[in-house]
Amino acid sequence: MKVNLDRNSSGFCFGVQSTINVAEEKLRKEKGLYSLGDVVHNEVEVKRLEALGLITIDTPAFNELKNAPVLIRAHGEPPSTYETANRNNLTLTDTTCPVVAKLQRTASQLNELGYQIIIYGKHLHPEVIGINGHCQNRALIIKHADLSDPEETLPIDLSKKTALISQTTMDVSGFYELKKNLEKLFSKGGRETGPWAEVKSIGEAEPMPEFIFKDTICRQISNRNQKLQDFSRANERIIFVAGKKSSNGQVLYAICKEANPESHFIEDVEELQSEWFTTTQGKTVESIGVCGATSTPMWLLEKVANHIEAHYA
C-alpha cells in the first residue's frame, strides 16, 4: 500500500497559520493568553495550544473578563467585541485574517450606502457573526443557495436595493447559484433587475447600481478545490482529516466524496477503521490519500499518514 500525503491543497491557509504563529509566540513569552472561541476549528490543534497555556473562553466569559490578554482569531469579531475589550481593559492581539477584515469593511460600506445586504454563509459561523456586526446586524444570512428555506427568504425585501456578499469559506458554485436564484426571485416579485452588477470596489462607481454582488470568497481556499478533486481521484481511498466544527472541512470533504465515494472523514487517528484499507475481496488497497481542510495542521496530517503506514500498510 502506498500512502500519499497531500501537501499542495491541504493544511492551514495563510490566515489561520498566521494566527497559530502569533499564538505560539505569545505563549512562549507569557502564560494566561485567552482565546475568544476556538482559535481554529480543529479540536486536536486547540488541545495542543491549550497544553501550551492557551485558555479558550466563550463570549459570556469574555464579557466578564478584566485586565487580561486576549487573542482575536482569524475569523474576526464584530465591533461590540472591541467595545467590551475597551471597557474591561483587555489587551487584544488581533489576528483577523486580512481577507476577512477587508470583507468586514465591505459590509460596513454597503450598510452606509443603504443596501439590503445578503450574506451567503452559515448563520452561526463566527466569521458571519463578525461580518454582520460590521453592518449593524442588518444583514440577511442565506445558507441554501437554492432558496429552499422560507425562514431565509421571507425577510428579503424585494423593494430594496440589494448587495450579495459571501462568507470567505463558502463554495464558489453555490455563491453564483444563489446570485442567479436571487435575480429570479426579484424578477418574480416585480423587480426586473436583469443580471446583478459585479463590483470590485465599493463606492467608486457613482451612482452605484441598485443590485450588485461582490465575490468575497477566499481564492486561496477555493483554488484548492480542483487540486483536491484530482488528488481524490488519483487514490483508491481517501482519508480526510478535519475538525467536526470546520465549515471549510465540510465543503472540502463533500468535494472529495463526490470525486471519490471511498472517502472517509476523521478528526484523529482513533477514528480510522481497518475495513477502509481492504477491498471487498480482502486485499490491501493499493493507494491511500491523506488530505484535509484549511483548518487542519500539517503535523496532524503527517501523524495520520504515518499511523496508516505503521498499522495498515
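Every residue, even glycine, has its Cβ placed from backbone N, Cα and C.
Record check, Swiss-Prot: [4Fe-4S] cluster site residues include Cys13, Cys97, and the candidate from Cys218, Cys256 also listed there is Cys218.
Cys97 ([4Fe-4S] cluster binding site): 22 other CB atoms within 10 A of its CB, across all protein chains. If you compare Cα positions, His41 (dimethylallyl diphosphate binding site) sits closest to Glu127 out of the recorded positions Cys97, Glu127, Thr168. A separation of roughly 5 Å, to the nearest angstrom, links the Cα atoms of Glu127 (active site, proton donor) and His75 (dimethylallyl diphosphate binding site). The Cβ of Ser295 (dimethylallyl diphosphate binding site) has 25 neighbouring Cβ atoms from other residues within 10 Å, across all protein chains displayed. Ser246 (dimethylallyl diphosphate binding site) counts 23 other C-beta atoms within 10 Å of its own C-beta, drawing on all protein chains shown. Listed in sequence order, the binding-site residues from His75, Ser246, Ser247 having a Cα within 10 Å of the Cα of Cys97 ([4Fe-4S] cluster binding site) are His75.
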